[in-house]
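Engineer: Take a look at the following structure, please.
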Number of protein chains: 4
Amino acid sequence: MPLFEGVVPPVVTPLTSDFDVDYEAFDRVVDFLLEAGVHGLFVLGSTSEVVFHDEKTRLKIIERALRRAGGRVPVLAGVIDTATDRVIAQARAAQSAGVDAVVATAPFYARTSQPEIVDHFRYLREALEVPVIAYDIPVCVHIKLERSTISTLAREGAIAGLKDSSGDDGSFRYVLADTAGLPDFFAMTGSEIVVDSMLNLGAHGVVPGLANVDPHGYVRLWNLCRSGDLAGARREQERLCKLFEIVWLGLPRISAGSAGVGAFKTAMRSLGIIETNTLARPQRALNGEETARLDAILRATGLLE
Amino acid sequence: MPLFEGVVPPVVTPLTSDFDVDYEAFDRVVDFLLEAGVHGLFVLGSTSEVVFHDEKTRLKIIERALRRAGGRVPVLAGVIDTATDRVIAQARAAQSAGVDAVVATAPFYARTSQPEIVDHFRYLREALEVPVIAYDIPVCVHIKLERSTISTLAREGAIAGLKDSSGDDGSFRYVLADTAGLPDFFAMTGSEIVVDSMLNLGAHGVVPGLANVDPHGYVRLWNLCRSGDLAGARREQERLCKLFEIVWLGLPRISAGSAGVGAFKTAMRSLGIIETNTLARPQRALNGEETARLDAILRATGLLE
Amino acid sequence: MPLFEGVVPPVVTPLTSDFDVDYEAFDRVVDFLLEAGVHGLFVLGSTSEVVFHDEKTRLKIIERALRRAGGRVPVLAGVIDTATDRVIAQARAAQSAGVDAVVATAPFYARTSQPEIVDHFRYLREALEVPVIAYDIPVCVHIKLERSTISTLAREGAIAGLKDSSGDDGSFRYVLADTAGLPDFFAMTGSEIVVDSMLNLGAHGVVPGLANVDPHGYVRLWNLCRSGDLAGARREQERLCKLFEIVWLGLPRISAGSAGVGAFKTAMRSLGIIETNTLARPQRALNGEETARLDAILRATGLLE
Amino acid sequence: MPLFEGVVPPVVTPLTSDFDVDYEAFDRVVDFLLEAGVHGLFVLGSTSEVVFHDEKTRLKIIERALRRAGGRVPVLAGVIDTATDRVIAQARAAQSAGVDAVVATAPFYARTSQPEIVDHFRYLREALEVPVIAYDIPVCVHIKLERSTISTLAREGAIAGLKDSSGDDGSFRYVLADTAGLPDFFAMTGSEIVVDSMLNLGAHGVVPGLANVDPHGYVRLWNLCRSGDLAGARREQERLCKLFEIVWLGLPRISAGSAGVGAFKTAMRSLGIIETNTLARPQRALNGEETARLDAILRATGLLE
């Protein structure tokens with residue numbers, strides 16, 4: 001059986017208007033997600049604005065999540081950094097804090113080749129006790145984890161799983177085929193909008209940023225897929241696709257990054273879960289006009305009255 | 001008069017075979033560069049493998065460079081990090097250590113827009129005393145600092161200078177034109193191979209990784225350009241172009257990043273300046289066969305007997 | 001009801017070893033596909049090496065296909081050219097020859113914007129009687145047909161359908177949603193490897209180059225999806241995914257284009273359908289060693305004894 | 001001595017408002033360029049909107065140019081098409097018409113590798129009598145002619161020259177070095193804005209689209225560079241850089257392609273050389289407001305009173 005499965009939202013990091021982490025709001029987010037029935041929490045992912053936070057803050061976020069989750073679900077922590085030894089240092093801190101797994105990308109800023117990326121994950125494996133999950137997110141890292149890189153690492157046991165945010169469904173399918181004989185290995189999709197397809201292909205879970213806004217929807221979608229209700233799953237997914245359109249409201253005024261996480265935070269503010277839609281600097285938040293259009297989408301998809 | 005000008009090498013960070021910084025070798029590198037007559041030192045740039053080092057190590061490197069340089073030339077320090085507040089934290093440490101300027105890129109990993117990048121540098125300006133130099137290196141950061149971004153920041157005084165490693169000479173020329181009326185502003189090229197052209201266009205300096213291998217060559221090139229000896233400058237540049245071919249010897253076995261910095265380190269080892277050609281993990285160093293071909297190039301360009 | 005649906009292979013154009021079209025082999029390919037039960041033929045697509053053939057040859061291919069198909073299934077013809085008026089000229093010739101629809105991309109070589117691409121398809125609509133299908137293939141055209149471009153054109157009736165070879169399944173799903181209220185509009189995927197997923201999402205058909213090698217497989221897959229046998233469809237698709245691995249055998253010795261179409265032709269030669277695996281100049285064909293590995297895949301997927 | 005040298009403008013193709021070629025205006029453009037002293041004419045390049053014209057029109061344009069030029073300067077003709085045998089067919093027609101050389105790109109739309117591109121040019125060489133010039137324009141063709149591709153072809157004599165519109169000045173410099181021992185080979189830059197630099201590096205000529213607007217400027221620039229007046233050349237180049245800003249006036253309303261050639265045509269209309277600023281379909285022309293800003297630039301650079 002794979003180590004983790006199901007809906008594992010990348011948890012948004014709420015900020016005060018002074019750009020500090022709002023830990024009380026963070027607790028409310030954790031509660032909101034757990035009450036909706038999610039199967040795990042992924043803190044310090046891209047949706048968590050991880051790269052905007054320093055090591056000390058990152059550790060505090062991990063500790064807060066672990067305390068609030070209280071063992072009810074596994075907690076995965078992103079250890080997103082530019083190079084091997086920096087990732088190891090962070091991962092050791094996360095491991096000591098008690099996370100259930102760490103999630104690491106290929107190196108970034110520096111350019112590395114696929115064989116060097118294979119070595120990177122082998123070094124992590126040697127240095128750590130906790131399971132390591134490979135995070136494939138070329139839109140941020142600017143290199144794709146190739147199918148053979150992932151499959152090699154999976155077969156060696158260097159990685160326990162994959163979080164695929166590459167948008168390359170064909171490649172993801174081949175990874176599922178390559179690792180089908182590895183009962184412990186799991187592969188999760190980072191997509192918000194083709195989750196039914198990916199679960200039908202054999203994905204073990206989903207890590208959707210949008211689940212911060214509508215965790216119930218993704219839990220329903222997961223259950224519908226598990227029960228084999230294809231048509232019901234498709235209907236739920238299509239509602240979530242409509243909701244996902246909030247991520248484009250800020251474009252092109254702000255960047256795709258700010259528009260996406262900014263939309264999640266703005267929606268969560270509209271839903272009363274967090275206090276501000278502030279993003280870490282230098283990102284710009286959604287403005288009033290964009291918020292009005294966002295609220296209309298929340299209403300159209302049944303989240304707001 | 002611009003704050004800095006001339007040849008300002010991005011100083012290689014020598015490692016022991018155990019992947020620790022070799023500070024004695026580092027001192028020798030600094031001496032080698034200063035004795036050749038370079039006009040400044042840029043520590044913690046891409047060529048320095050900056051993103052492989054943690055904050056503590058980065059600060060030690062800065063301190064070592066300042067101590068060894070002993071005020072003979074200005075010392076610029078890269079404060080390369082993913083987002084505004086992380087950059088500010090590092091820049092404050094560098095400032096306290098006594099650097100003459102800090103060098104910062106746009107945010108990376110997270111995607112930001114040009115207006116957000118403008119804000120990023122404005123926030124740095126507000127938070128710091130020391131001059132801030134914008135570093136345009138899209139091959140690492142995956143976004144270009146647009147001409148209007150640079151010109152806006154230069155006019156506001158938010159940035160004191162530019163280090164251009166974009167390879168977009170046309171855009172660089174427009175920046176020079178836009179800032180021609182700003183007597184304090186300076187623009188340096190990060191190119192190794194069109195330095196004569198860029199100096200003829202009005203660039204105030206050059207930051208060539210290859211100067212770690214042949215600082216005398218770049219100092220000669222600078223002097224030839226200053227004296228108006230176009231033909232002599234071209235001859236010297238063409239010799240340096242031939243030398244620069246060492247950066248492709250490792251391809252495609254290793255990545256462009258490893259092949260480039262790896263070639264500089266390997267050449268410096270052949271020249272007796274440093275002890276190893278070890279690169280920070282997970283980068284792979286040049287092998288024996290590649291080193292033999294590299295040495296042949298060193299001989300062909302007059303650096304090795 | 002949409003104009004077309006089902007499995008519509010992009011028909012390979014067999015060549016003699018002298019680089020002429022081998023029309024007898026072409027007839028055999030058409031027979032092979034029709035006997036397998038495909039629902040339409042798409043001649044002069046990318047898989048047909050359309051851009052290697054001149055206008056006169058293109059017309060002969062269309063006429064040959066129409067004659068051989070004899071009205072048993074609709075025949076769609078690619079009218080792939082760089083700009084509007086060139087596309088119109090070719091489309092008029094195809095229309096006069098009697099094709100059931102033409103398939104056109106955005107302009108290429110010249111750079112155009114999305115509004116200009118919308119105009120491009122409007123001009124085609126005005127100039128032609130025959131239905132126009134938009135062909136989204138950014139790997140060749142180097143621009144994506146944006147969702148709003150496609151939806152605008154579909155609502156206006158400027159395009160009757162879409163062939164999506166973009167690999168962007170999320171965007172394709174949004175197009176399906178946008179056009180759900182347009183009963184005549186149809187959207188086909190050009191994927192070979194996520195066909196079950198795309199049909200489950202509501203795609204009206206599939207245009208797989210690999211169907212030249214295994215049309216029975218894709219017809220089976222279509223029927224399994226229509227009958228709601230999700231597990232059976234997935235099994236068939238996974239066999240086809242294994243077969244699709246032939247397209248990578250030539251890499252990196254030859255280009256992705258040559259390796260892909262070259263693999264289809266080589267497999268068809270191994271199966272006795274065509275005489276040569278020759279590709280139009282300057283493409284290089286698969287060599288003997290690659291052919292041996294390809295035959296092993298044909299055996300492993302049940303196509304060769 | 002190289003076959004060609006100097007200023008060789010890619011000649012704009014004027015259109016009537018009905019999208020036909022305006023041959024009388026074309027003659028005026030040729031006269032305008034020749035009277036300014038350009039050293040050759042390049043018809044049917046990207047600036048000529050070559051890919052919008054069919055073969056018959058292309059041949060008429062060649063014949064018109066040859067007749068009007070009347071042997072006063074060499075006439076080079078672009079033979080821009082997707083694949084080898086299509087290029088050969090066009091090149092034979094151009095050769096029969098009497099052009100002095102043909103200019104060909106790598107294949108496009110279809111993806112080819114560097115070895116296949118080398119073969120492409122070898123096939124052209126075998127099939128033709130006329131000199132073949134390689135045209136490196138990755139912004140249109142979406143692949144770069146690598147240094148080793150160009151140098152191999154130059155050494156073999158398969159290509160007589162290079163037109164470099166890649167913007168990669170470093171690579172261009174290496175090609176100049178590689179071919180320095182080939183007295184017949186020539187390399188021209190397609191840049192408008194670093195022409196002084198490229199000529200100082202040893203380029204044999206320049207093919208600037210902007211010379212349609214200000215041929216006198218580029219001839220002056222050429223002469224200043226030849227006479228070694230570096231400062232004078234830089235001043236002239238900087239004026240031309242200011243003029244070149246017209247190519248961005250249409251952005252982002254229209255595409256970079258339309259904005260660029262559209263600006264040249266609009267300026268030529270303002271200067272009374274051609275009648276319309278119409279672009280081939282589906283490109284959109286500059287509008288009135290953009291034209292007003294363009295005229296202001298013409299005035300500021302001394303071209304309009």
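Cβ coordinates are placed from backbone N, Cα and C, and glycine is handled just like the others.
So TrEMBL lists these for the protein:
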BINDING   C:T47, C:V207  pyruvate binding site
ACT_SITE  C:Y135  active site, proton donor/acceptor
ACT_SITE  C:K163  active site, schiff-base intermediate with substrate
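Set these features in their place in the structure for me.
Structural biologist: Here the Cβ of C:V207 (pyruvate binding site) has 28 other Cβ atoms within 10 Å, regardless of which shown protein chain they belong to.
DSSP assigns C:Y135 (active site, proton donor/acceptor) to a strand.
In the three-state DSSP assignment, the secondary structure recorded for C:K163 (active site, schiff-base intermediate with substrate) is strand. Counted within 10 Å of its Cβ, the other Cβ atoms near C:K163 (active site, schiff-base intermediate with substrate) come to 27, all protein chains included.
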Engineer: Between C:V207 (pyruvate binding site) and C:K163 (active site, schiff-base intermediate with substrate), what is the CA-CA distance rounded to a whole number of Å?
Structural biologist: 8
Engineer: Which number gives the other C-beta atoms within 10 angstroms of the C-beta of C:Y135 (active site, proton donor/acceptor), all protein chains shown included?
Structural biologist: 29
Engineer: Looking at Cβ-Cβ distances, which residues of the chain lie under 8 angstroms from C:T47 (pyruvate binding site) while being 6 or more apart from it?
Structural biologist: C:P10, C:V11, C:V12, C:G209, C:N212, C:G260, C:V261, C:F264
Engineer: Where C:K163 (active site, schiff-base intermediate with substrate) and C:Y135 (active site, proton donor/acceptor) are concerned, what is their Cα separation in Å, rounded?
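Structural biologist: Pair distance, Cα basis, whole Å: 5 Å.
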Engineer: What does DSSP say about C:T47 (pyruvate binding site): helix, strand or coil?
Structural biologist: helix
Engineer: Which state, by DSSP, holds C:V207 (pyruvate binding site): helix, strand or coil?
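Structural biologist: In three-state terms, C:V207 (pyruvate binding site) counts as coil.
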